[in-house]
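Over in TrEMBL, the protein carries these features:
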- 40-109: domain 'PAS' (DOMAIN)
- 167-237: domain 'PAS' (DOMAIN)
- 240-292: domain 'PAC' (DOMAIN)
- 539-609: domain 'PAS' (DOMAIN)
- 612-664: domain 'PAC' (DOMAIN)
- 665-735: domain 'PAS' (DOMAIN)
- 738-790: domain 'PAC' (DOMAIN)
- 815-1032: domain 'Histidine kinase' (DOMAIN)
- 1054-1172: domain 'Response regulatory' (DOMAIN)
- Asp1103: 4-aspartylphosphate (MOD_RES)
Amino acid sequence: MPTRNYHNQITGWIGTITNIDDIKRSEALVQQSQQQLQRQLAEIEAIYQSAPIGLNVLDTDLRFLRINQRLAEINGLSVEAHIGRTVRELFPDLADTVEQLLRPILETGEALLNVEIHGETPAKPGVKRTWLEQFLPLKDGDRVIGISTVCEEITERIQVEAALRQSEERFRNMADNAPVMVWVTDATGYCTYLSKTWYEFTGQTEATGLGLGWLKAVHPDDREFSKDIFLKANERYEAFRLEYRLRRQDGEYRWSIDAASPWFGEDGEFKGYIGSVIDIHDRKQAEERYRTLFESMNEGFCVIEMLFDEHNKPFDYRFLEINPLFEQQTGLKQAEGKTARQLLPDLEPHWFEIYGKVALTGEPVRFENGSEVMNRWFDVSAFRTGEPESRKVAILFKDISDRKQVEAQRQRSEAILQAFIAASPITLALFDRELRFLYANEALAKINQLPLSEHLGRTLWEVVPQMAPQFAPLLLQIMETQQPVLNVEFSGEVRPGVFRSTIANHYPVCLPNGEAIGVGVAVMDVTELTLAQQELRESEARFRTLADNISQFAWMADENGWIFWYNQRWFDYTGTTLEEMQGWGWQQVHHPDHLERVVKKFRHCMETGETWEDTFPLRGKDGQYRWFLSRAIPVRDERGKVLRWFGTNTDITDRQQAEEALRQSEERYRCLAESIPQLVWTANREGALLDVNQRWTEFTGVTLEQVRITGWEAVVHPEDLPILSQRWNEAVQQKTAYQAEGRMRRADGIYRWHLHQAIPQKNERGEIVKWFGTATDIEAQKQLEIERHRLLEQEQAARSAAERANRIKDEFLAVLSHELRSPLNPILGWTKLLQTRKLDETKTAQALATIERNARLQTQLIDDLLDVAKILRGKLSLNVTSVNLSFAIESAIETVRTAAIAKSISLNIVLPNIGQVSADAARLQQIVWNLLSNAIKFTGNHGQVNITLEQVGNLAEITVKDTGKGINPEFLPYIFESFRQEDASITRKYGGLGLGLAIVRQLVEAHGGTIAADSPGEGMGATFTVQLPLLNVEPEIKHTNELPPQELDMTGIRILAVDDDPDARELLTVLLTQYGAEVVTVASAAQALATLESFPPDVLVSDIGMPQVDGYTLIQKIRALPPEKGGQVPAIALTAYAREDDRQRALDTGYQRHVTKPLEPEQLVRSAIALARTK
């Protein structure tokens, strides 16, 4: 771009050269990325077509838009036969099922996952197959445009799972009631017996395991649902079976099966449950492994090139292509491009023979085979691909090693189960139709006290002759009816000298055709349980003896309150018999004045199940009444049902008398508490309020009943509660006096400070039984403390503010000294060089430009200081007119454009003509210039600065956004403060006094606007937004230039210049003469007055600060002269006094214009020409 002189003549050119090497490299990278993208798309298409699972895309009419080879093979049709045809057209038998599944997806846009579909396809007519389907909606925005399907055939997996279930079913009849651990409950669900194996496994004892204690050995996460299933089954007398984790005595939780059936007495009455628990942890883990295997089954795929020797015999093959699952299925890594023998030198020859035949004949094959070298089994489909001469074979395969191992695992499981049954402590036996022992385990041998070898092959009569008469007919009946007989009890001699108590379950063993071939028997030895029941009866007898010898009366009632037992002390005191007292006969010895109340409360507790407690007098056999405390508690079963009541009566006559004495003592305490000015309270040893005085209730507005519900904490200020609670807990723990200060809420909601004090009342053992406390109002004292604290904080804050102000002032003065001195260095340096007159024309121009630039910089610093001074004194004045924002912003942009070009910064400008604002045009330009100058200063080379103007409601919004260094988030709140700089150190990169943005904010607010700064962080640029109110007038184009550049001609204009500085006078002479003026300069006011008559000027230009007579006095003396002697000569004050007060004083004393130093030549020339024309 050109540079021009004052006569608008081109004096030079400024140009830039931009390195676009990065752009060229970027274009090459884009082209390379496009090529790579095309290759990736081709690879994705290849993977799609070779995927081992079926993939397809349907439109909204369920028409095939896309399908891969695998799904086409599953369907038995070619890929081309699918495209464009609907599901119903191709698979009419499956259409109803498929459409019923897919139509909701098109309507709701929700995916349908893990759907099993059964049916036939043309691929295998007549063969029922199963597929696992995933249906996913395809969307364009919120609109469903089709469905994507993922299909995996799981027919073989279903068959394997079915085979596994059948295998398990074969063992269920034998194993259902033959676990390791056995338990028995009564009719209430109370566990009355646990086998020895339970205790050995769990580590529990009878004390911890019986009842519902067995649940404590169950994993906490399984405990509630296990208890719920058990109790619900117990209510319905139903058999149940559940799985839960059981804690072994070493702490490990192991999965177990708990199965049980109800057992009934001969009269059909429900007796309880007999159940068994088996550790299935290893089997559970095996099932999890099988499930993971089935869910993760996938297929591998590869394309190979067969290699033949000179005799056309295949000897190797090379992997041309492999899919992502290849490595997972085969274990071969980085196989592509390598031969099989390179990867597996010892690979079996049959693989080469099979694939070689496919390559030569073109006949596809499917087979299963294993490789010892790879230690895997595979299900393989191989077919020739490409031209016959290419000898390429495509292989679709699946690793079926796990499936091959299933059968072996199942056989091992059967063997393990057989061993488990053999080792089970539960007696197991199998009889044939002649009642011979075909099978028996060691547990049976142990019960009969005979070796196992003496059971097998022998009849029931031969082994246990004493039991045979009872059980032989039963076994024959079971085989005839094919109905099981459960819970058969036996107690007696099983063989000579051997006595046992047992409970047995009997099941018929039948062939698939229904023929009964024998009976299976599971027998539980309950000999120890029977002995335990006998011990229980003896224990009850001991209880009655103990109850008859306690000091209280004791009694028991049924669930309805009907008393059926009293201890002997009741009869001794009342002189009655059980026949007189049973049922409700006890009312005979109750005092008639209390009987109705006692009976009513007693009946209420019997109905609700609540613990009953009451006091009343009972008549003794001597006719005298004594007071008793009676208490009864319910005895419940595991379901919470009341079975009976157990009660006692304790003689409290002496205690009643003591309580009366205590009541009189408390009455005296009450009188004292109500007579003192404090708030008085008592509390139990835990701190719950027992009583308060009337003043406490009146102050808080809370009754004793209310505070007993809410607690005393409800009337304490929330901020004071922690310290009060802490002090209280310390006093309770240490059994010492309590004292703390805290605020209590008055009835009107106002909190007042109180001193809380309390002392403990202790019993003879030193234990706290009660607290006596007071709360004393100390509000006045606390307010004095608060006021002292507030004054101290104010003094500390003032000191901190003063120290901060001093620190900022010191920093500012240091920066000011630096900033004012910095421009002087190049000015003085270049001036010295110019004085040597040894510089050529280019260096001279460079020197003058540098001097001018630094002089302008120093001028700007001084102007900023003057603006801040005006703002601080409230003297900032605005010359407000209607201003077109676009022109004002453009003017500011022009002043910084050269600086932007120098740093190759791109200026992006959007300035629509949105209207006018009421503003000082110069100040408005100053605002925008300052923001733009900062943006360019803090933006690096080749950066970008955006300047936009837009209308937001009735506001004009100016935005200046750069890509520069950004603003530290911690400094952002202080960015508009005076003298604040993010980096005020001597090593800072950017200069300035830290005043620019402070002045901008003051100027914006003086115009009724707002300014905001934002930055994502350091290195991420900054954005400044200014909003100013718009005027309600049409946009107007207004040019503010008084004179166009070509009219700056002072020919014929006489100028009298006054300045005591010789350099200034010389500058004025050269400057004004250059524009064609006739100039006379003088050094003082006296010389100026003397020259007026000899040289009548058209314009007077005078300095203000001169010795003896200043410029103000000079103009006053001139204005006192008559017009013919120059009294009305137009005058310009040319001065370094640049404050608003200085300008106003110059105008008031007689000057028409006020121009500040350092001198702007065009400003002075324009002012002089304008004044000359007014003369």
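Glycine is no exception: its Cβ is also placed from the backbone N, Cα and C atoms.
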- Per DSSP, what is the residue tally for the domain 'PAC' (240-292) in helix, strand and coil? 12 helix, 30 strand, 11 coil
- Message: Tell me if the domain 'PAS' (665-735) touches the domain 'PAS' (167-237). I count contact as 3 or more CB pairs below 8 A, with pairs 6 or more residues apart.
- Response: no
- Model confidence over the domain 'PAS' (539-609), as mean pLDDT, sits at 87
- Under 8 Å by Cβ from Asp1103 (4-aspartylphosphate), counting only residues of that chain that are 6 or more apart: Val1058, Asp1059, Asp1060, Asp1061, Ala1064, Gly1111, Leu1134, Thr1135
- Task: Pull the DSSP breakdown for the domain 'PAC' (612-664) and write it out as helix, strand, coil residue counts.
- Result: 12 helix, 30 strand, 11 coil
